[in-house]
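Visitor: One structure is given below, represented as structure tokens, and several questions about it will come after.
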Amino acid sequence: MSQSDIGIYGLGLMGSNLALNFESHGHNVSVSNRTEGEGENLIASFMKEHGAGKRFTPSADLKEFVASIQKPRTILITITSGKPVDDFISSVLPHLDDWDTLVDCGNSHFEETRRRAASLRFKRINYAGVGISGGSEGARYGPSIMAGTTKKCWKSLEKILEPIAARSFDDTPCCLLAGSDGAGHFVKMVHNGIEYADMQILAEVYHIMRTLFKMHPSDISAKFRQWNYTSLGSYLLSISADILQVRDDSGVLLLDQILDSAEQKGTGRWTVQAASELGIQLPVVSASVDSRSLSALTGLRGRLSGSLFGPEPNSSSGLLRNTENALQHLEQAYLASRMIAAAEGFYLLTEASRHYKWTIDPSEIARIWQGGCIIRSELLRTIVAAYGQGSNFNHLLLSPIYSNRFRKLQEGWRETVTLAIKSGIHVPAMAASLQQYDALRSAYLPANLIQAQRDYFGSHGFRVINDPDGTHYHSNWNKQDLSDNTDDEPENSL
Ligand SMILES: NC(=O)C1=CN([C@@H]2O[C@H](COP(=O)(O)OP(=O)(O)OC[C@H]3O[C@@H](n4cnc5c(N)ncnc54)[C@H](OP(=O)(O)O)[C@@H]3O)[C@@H](O)[C@H]2O)C=CC1
Ligand SMILES: O=C(CO)[C@H](O)[C@H](O)COP(=O)(O)O
């Protein structure tokens, strides 16, 4: 067989499906995987399952693998992020030639990608950090692709990545260059942050339906399917409708047998950390990351569940007067909360692009997230429309197309959060989104008291309303005679 035009190292879930995707687009693909360790030999099993009559060249030996790819080489790395990627780069480097290209398609931290790109440039190797979203199905039939590399490297990479990508609503490829070095992995990380939020909000919707509205799982599934034909539609909603119908061999709902403890690989937490480094808060994503951590406290929750006082979710408590009405409110709360989560993610992208001198165009990000990826949804159509009106804003809430939708969503959103809180149901993402909305529409927040406290105990100074960008003032707070004000003890102390 002639030399391959692409190499894929790592034949796990993503690598094997990407290999099949490339092959079905006419590429000769060299495939490899580590063979040491006790695990199954992925090369052998991949070839056994998919190799017959296909243009794959398998190699267990790294030198042989590299030699089987035509120069200048393009090698996709589809392995576990972190140290494995550094180890692979060190071991493949001696076999590469000048300006071969390594493409890290895993969920690497964007700072690691920046470091690798910088160090490989000195070794005359092109490096691209490419976020791939869509799970196994996306990898096989069309993922959403977010790249970070040089414009020159992108010219050749684009030709091979664009054809295998998903298509957005306007039938353009869901594939773009987000900027240099770590930009692609940053965008993928924020995608995952929004993914965490979308999943948490939907879990809260399900929780309210199940525990308070006492809806049967198949009715919840039917409701989700109905919503999926509306502006609420999304991939995550559709798979959740499926999940609510899957039964095991004995006929029991599989979902009811799954431990209520969510795991996480780190991209959600990284999103919050990266935002925090830039002084940006992501309340809905943070609440969603925290919720996963909190869900893992199964032992503590189990012990406290019978002893801490509070309301029990109860449809006959009097709080829930009309379930049909409450369902309509929930629908509004679901959309409003997701809109705030998306807005905070896009705001982070805009600010990070400025900070890191990338070229992230939020409207383009919204476009390529319309297909292939886990957060693909009807909402992205609204976001594309909002940016289409002129991107002269850094926060989606500054777009009338976006912000006007909250008028109609208000009542249901507030009613739902209030109902959940009064009923003792944990809705951190919905509550955080509403709180964020209220904070952003508040010209005044009580941070003046915080500034006064900081100055009182630490002489940190404060700025004044009449000169907001000016001098810091300091007051000798405890030098005043306050005795008149402190005489009275409150009548009822808690
Ligand atoms: N699963 C998903 O939905 C998505 C995953 N990703 C990212 O893609 C990457 C691959 O994920 P996925 O395919 O799901 O993972 P899998 O667990 O299915 O596969 C992991 C791959 O990494 C290899 N690997 C692990 N450790 C090492 C090491 N120390 N040295 C060399 N190879 C190693 C494995 O080889 P071996 O079998 O020999 O251990 C295997 O080929 C990850 O970064 C992941 O975060 C991105 C988007 C979606
Ligand atoms: O990148 C992905 C989807 O876009 C991966 O599936 C990722 O593993 C999901 O994150 P986590 O494991 O933390 O839930």
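The backbone N, Cα and C atoms fix where each Cβ goes, glycine too.
Curation plays no part in TrEMBL annotations; they are all automatic predictions.
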Visitor: Among Arg167, Arg225, Arg247, Arg292, which residue does TrEMBL annotate as binding substrate at the site that also has Asn107, Ser133, Gly134, Gly135, His191, Asn192, Tyr196, Lys265, Arg454, His460?
Guide: Arg292
Visitor: Output: those recorded positions from Gly134, Lys188, Tyr196 whose CB lies less than 6 Å from an atom of ligand 2, in sequence order; none if no residue fits.
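Guide: Result: none.
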Visitor: Please state whether DSSP places His460 (substrate binding site) in a helix, a strand or coil.
Guide: coil
Visitor: At the Cα level, what's the spacing in Å between Arg292 (substrate binding site) and Lys188 (active site, proton acceptor), rounded?
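Guide: That separation, Cα to Cα, works out to 20 Å.
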Visitor: Less than 6 Å between Cβ and the nearest atom of ligand 1 is the rule; apply it to the recorded positions Asn107, His191, Glu195.
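Guide: Cβ under 6 Å from ligand 1: Asn107.
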Visitor: Report the mean pLDDT of the predicted model across the domain '6-phosphogluconate dehydrogenase C-terminal' (184-478), rounded to a whole number.
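Guide: Looking only at the domain '6-phosphogluconate dehydrogenase C-terminal' (184-478), pLDDT averages out to 95.
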Visitor: What number of additional C-beta atoms lies within 10 angstroms of the C-beta atom of His460 (substrate binding site)?
Guide: 12
